[in-house]
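Engineer: This is the structure I want to talk about, given as structure tokens.
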Amino acid sequence: MNGYDETDIPEPDRLVAPGADGEDTAVEAALRPKDLGEFVGQEKVRQQLDLVLKAAKQRGATADHVLLSGAPGLGKTTLSMIIAAEMGAPIRITSGPAIQHAGDLAAILSSLQEGEVLFLDEIHRMSRPAEEMLYMAMEDFRVDVIVGKGPGATAIPLELPPFTLVGATTRAGLLPPPLRDRFGFTGHMEFYAPEELERVVHRSARLLDVEIDTAGAAEIAGRSRGTPRIANRLLRRVRDYAQVRADGVITREVAGTALQVYEVDARGLDRLDRAVLEALLKLFGGGPVGLSTLAVAVGEERETVEEVAEPFLVREGLLARTPRGRVATPAAWAHLGLVPPQQAGGGPRGQQGLFGA
Ligand SMILES: Nc1ncnc2c1ncn2[C@@H]1O[C@H](COP(=O)(O)OP(=O)(O)O)[C@@H](O)[C@H]1O
Ligand SMILES: [Mg+2]
């Protein structure tokens, strides 16, 4: 992990990617809310979790296992750390992909202290044997350690101290029901409202010692795709711009101009998103057009268009996936400032049928 150098030009990777890059990892620790009170938004999850944790504390017990599901960058890792902090417990952090063999998990479980929080990120990517070991550990605080090989192998039961498993997943649907059922509490993280992201931006600006006004924070929040991680990343890029080109203060104008430089538009679409929409509108009259054709038109892999660009376009109601191909919605035309071809005349086939007159 390399340190964050303010003079660095940022990786021109993808400013609106929801996953963490190296720089995020380096600075996120400083921006993470430390307790439930500081955690912005997610009212429902926060209240429910607050009750679960308070009740456990009152009983002097270890908190129930918690499953957190939601898109990347919405605060799952942050919440897991908050759970440990609220319980006054140490936290051990690992992830599904890091646990290849049941033995890896046995080693972690058998070294837990009483009350410790075990954070298992990307829990849906754990191996099947490890998963089965986890069932027993979660339910009975016990694991069977297999000693020896073949017919002579024996299982030695090992008692575990009570612990709290916090599992995080972006794909709750991929979890086998027996695993899902062993969590006492499941929190579904939602995308954040713009006002909530505004609060995230103000809070982060304060921690980063950056001056920002209300309109500046709103401008960044509106382009952050409902995701705090993206809001924090855009804030850092806008800060760079404000420092070099403006007098260091982030206003609406500074934020807007900076994000134009970084090609993040008013709705949070980046170059790739816009290229896909533009091809769909300008080359194919709004569709329907097949994914492969669309991908060739923008010079990207099918997977890139389907998995990187489309989910957000669909979520924003700009693009629809239909059995006959990709179709632009009226909002897409409006967003790019284009006029759809006459629908009554020989416009592109079938659009009326899909979106009404
Ligand atoms: N509710 C929130 N309030 C304030 N900041 C948040 C919130 N949720 C996430 N963040 C910020 O967003 C970043 C990413 O959050 P993280 O917990 O790593 O997301 P996830 O684990 O879901 O991918 C963190 O640096 C954190 O500071
Ligand atoms: Mg995480």
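Glycine residues also receive a Cβ, built from the backbone N, Cα and C atoms like all the rest.
Keep in mind that this is a model prediction, so the values were computed, not measured.
Feature table excerpt (TrEMBL):
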- Leu31, Arg32, Gly73, Lys76, Thr77, Thr78, Glu139, Asp140, Phe141, Arg182, Tyr192, Arg229: ATP binding site (BINDING)
- Thr77: Mg(2+) binding site (BINDING)
- Arg302, Arg321, Arg326: DNA binding site (BINDING)
- 1-10: compositional bias 'Acidic residues' (COMPBIAS)
- 1-21: region 'Disordered' (REGION)
- 12-192: region 'Large ATPase domain (RuvB-L)' (REGION)
- 193-263: region 'Small ATPAse domain (RuvB-S)' (REGION)
- 266-357: region 'Head domain (RuvB-H)' (REGION)
Engineer: Here are the binding-site residues: Phe141, Tyr192. Which has the lowest count of other Cβ atoms within 10 Å?
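Structural biologist: Selected from the binding-site residues Phe141, Tyr192 on minimum Cβ neighbours within 10 Å: Phe141.
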Engineer: Need one number for the ATP-binding residues Leu31, Arg32, Gly73, Lys76, Thr77, Thr78, Glu139, Asp140, Phe141, Arg182, Tyr192, Arg229: the maximum pairwise CA distance in Å, whole number please.
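Structural biologist: Binding-site diameter by Cα atoms for ATP: 37 Å.
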Engineer: Go ahead and report the DSSP secondary structure tallies for the region 'Small ATPAse domain (RuvB-S)' (193-263): helix first, then strand, then coil.
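Structural biologist: Its residues fall into 52 helix, 4 strand, 15 coil.
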Engineer: Starting from the Cβ of Leu31 (ATP binding site), draw a 10 Å sphere and report how many other Cβ atoms land inside it.
Structural biologist: 19
Engineer: Where the criterion is a Cβ under 6 Å from an atom of ligand 2, which of the binding-site residues Thr77, Glu139, Phe141 meet it?
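Structural biologist: List returned for ligand 2: Thr77.
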Engineer: Under a three-state reading of DSSP, tell me whether Tyr192 (ATP binding site) is helix, strand or coil.
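Structural biologist: Its secondary structure by DSSP: coil.
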Engineer: Once Arg302, Arg321, Arg326 are set aside, which residues in the chain still have Cβ within 8 Å of the Cβ centroid of the DNA site?
Structural biologist: Gly290, Leu291, Leu294, Ala295, Val305, Glu306, Glu310, Gly325
